[in-house]
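Copied from Swiss-Prot, the annotated features are:
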type	residues	note
ACT_SITE	144	active site
BINDING	143, 147, 227	Zn(2+) binding site
TRANSMEM	14-34	transmembrane segment
TRANSMEM	39-59	transmembrane segment
TRANSMEM	153-173	transmembrane segment
TRANSMEM	198-218	transmembrane segment
């Protein structure tokens, strides 16, 4: 079961790469067509940027994501309780000891990152460490270690990298649109406009507007099931479903994180760091806590 899941996650990695690079190419084509005079040139440029960004994130994901979230690295002397729990869970999961980080934030949350178990890291907020008891902390850390063991982190890291690149290009395009930075067309261009050019213009605008949303939806599609799997895998490691249930119930009552969390990296956290309401709740990267608890009760 576990090895089948790891194999599926590896296949999903390549599928995600294909989908995200397709979205990236559409945005690049739109930017190139509208502002550079060459849709194909913009497409190539966007793919090159996205590839470099993705490779950088994959091989430096730990440092990049930790820096994005203001995390500081700790050791056995500076944070013994957290360090020992991470050490215990890693030992049970039979993975190398991850690096350990703390985020100075009063909310309760945690996340893991790294492209493979060999270069992974786990982070917890000061709020989580202040509220959770040992059994609950083991449940939370077991959840994050399970993400590492199941290679979920690689999928999330690629999603974070490419979604960020797509959003960056789309925002740049919208800013150029707002400030009137589009390519100038001469009289011959205007007189020679064809139906094809109009279609390309419409496609370019739609790509720029909708690609970030599409990237978010792809992240949603892969994020929710991996949360259920990590909850169950945590119980497999701790042999204590009630500890995980109690931890989730406390997380459900946590306030939003005070420091800014990048939209692309929000999916890495065990609990939604923004606690958004209204229409935004339909774009949660996490399944409802109540549903996660019910699934654990059925184990």
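A Cβ is built for glycine as well, from the same backbone N, Cα and C atoms used for every other residue.
On a Cα basis, residue 227 (Zn(2+) binding site) lies 10 Å away from the residue listed as 'active site'. Take the transmembrane segment (198-218) and the stretches 14-34, 39-59, 153-173: counting Cβ pairs under 8 Å, 14-34 has the most. Other than 143, 147, 227, the residues of this chain whose Cβ falls within 8 Å of the Cβ centroid of the Zn(2+) site are, in sequence order, 112, 144, 146, 152, 226, 229, 230, 231, 233, 234, 270.
Sequence-distant contacts of residue 227 (Zn(2+) binding site), defined by Cβ-Cβ distance under 8 angstroms and a gap of at least six in the same chain, are 270, 286, 287, 292.
Every protein chain considered, the tally of other Cβ atoms within 10 Å of the Cβ of residue 143 (Zn(2+) binding site) stands at 29. Remote same-chain partners of the transmembrane segment (14-34), defined as residues 6 or more beyond its termini with a Cβ less than 8 Å from a stretch Cβ, comprise 40-47, 49-51, 54, 155, 158-159, 162-163, 165-166, 169-170, 172-173, 176-177, 182-183, 200-201, 203-205, 207-208, 211, 214-215, 218, 222. Long-range neighbours of residue 147 (Zn(2+) binding site) (same chain, six or more residues apart, CB within less than 8 Å of its CB): 112, 153, 156, 226, 230.
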